[in-house]
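The structure appears right after this line, and notes come after that.
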Amino acid sequence: MRTQWPSPAKLNLFLYITGQRADGYHTLQTLFQFLDYGDTISIELRDDGDIRLLTPVEGVEHEDNLIVRAARLLMKTAAASGRLLAGSGANISIDKRLPMGGGLGGGSSNAATVLVALNNLWQCGLSMDELAELGLTLGADVPVFVRGHAAFAEGVGEILTPVDPPEKWYLVAHPGVSIPTPVIFKDPELPRNTPKRSIETLLKCEFSNDCEVIARKRFREVDAVLSWLLEYAPSRLTGTGACVFAEFDTESEARQVLEQAPEWLNGFVAKGVNLSPLHRAML
């Protein structure tokens, strides 16, 4: 039997770089919120212990794909602790709507959905804390998708405090370029010493993203989309880009602006939600 599992997008409603560790990783403060929009992962169980991704991603080797890595990591961890039935495997396919290199967390969300779904389907019984710990080894953004609640994140993104920001409507636009995260984080002009503030203080301030100035400088497409969106509503970069978003109080306001978008702009309208669609589907 095939089951389907949501793999939602996220937005960074704000993102501030507060320092850089000796190992090169940047410390940050950011606010994650999910969207009721994303990829869909389909899983069909196998009884031969194999993991097969039926929808490979162009340019990504099978074993390097985060979906496959997440499945194998859970399999190895559960088997080592005697929590995996012999022969447990899966055929996995994905209906991909989220762009790669877009700052919407697509790959991290895919990995988290696979961890949560296979833990359920294989009846491994790993706790949410255990799954989040596994997720962190796959990527800094994976734990927030595993836990499934909007969160204020610190450290390199792994220290999470659940929060409930307003659930607004967003017009999310993709400029048609992919921005590798290292391109932003290695730029010498990236702000790296934004003062740390409490979540209470940050929620009262105007939101911004320290990566935005670099993305706009290096990618004229990002600058063009943001310049257009800012004529209509508060708008900013999510993550390290390339996607940008404008916020609205109602769906109709967001759709009216999308209808006026120039032909070169690709976008969609979605609602911000504090409970992940993945976790809502499991209630």
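For all residues, glycine too, the Cβ spot is worked out from N, Cα and C.
Per Swiss-Prot, the features are as follows:
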type	residues	note
ACT_SITE	LYS10	active site
BINDING	PRO99, MET100, GLY101, GLY102, GLY103, LEU104, GLY105, GLY106, GLY107, SER108, SER109	ATP binding site
ACT_SITE	ASP141	active site
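Known features from Swiss-Prot, placed on the structure.
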residue	record	Cβ within 10 Å
LYS10	active site	27
PRO99	ATP binding site	18
GLY101	ATP binding site	19
GLY103	ATP binding site	30
GLY105	ATP binding site	28
GLY107	ATP binding site	23
SER109	ATP binding site	28
ASP141	active site	25
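Of all the binding-site residues listed here (GLY101, GLY103, GLY105, GLY107, SER109), GLY105 has the Cα closest to the Cα of LYS10 (active site). Summary of the ATP site environment: with the site residues PRO99, MET100, GLY101, GLY102, GLY103, LEU104, GLY105, GLY106, GLY107, SER108, SER109 set aside, the chain residues having Cβ atoms within 8 Å of the Cβ mean position are ALA9, LEU98, GLY239. Taking the C-alpha positions, the distance from GLY103 (ATP binding site) to ASP141 (active site) comes to 11 Å. ASP141 (active site) has GLY105, GLY107, SER109 nearby among the binding-site residues PRO99, GLY101, GLY105, GLY107, SER109, counting only those with a Cα within 10 angstroms of its own Cα.
According to its DSSP assignment, PRO99 (ATP binding site) is coil.
A strand conformation is recorded for LYS10 (active site) in the three-state DSSP classification.
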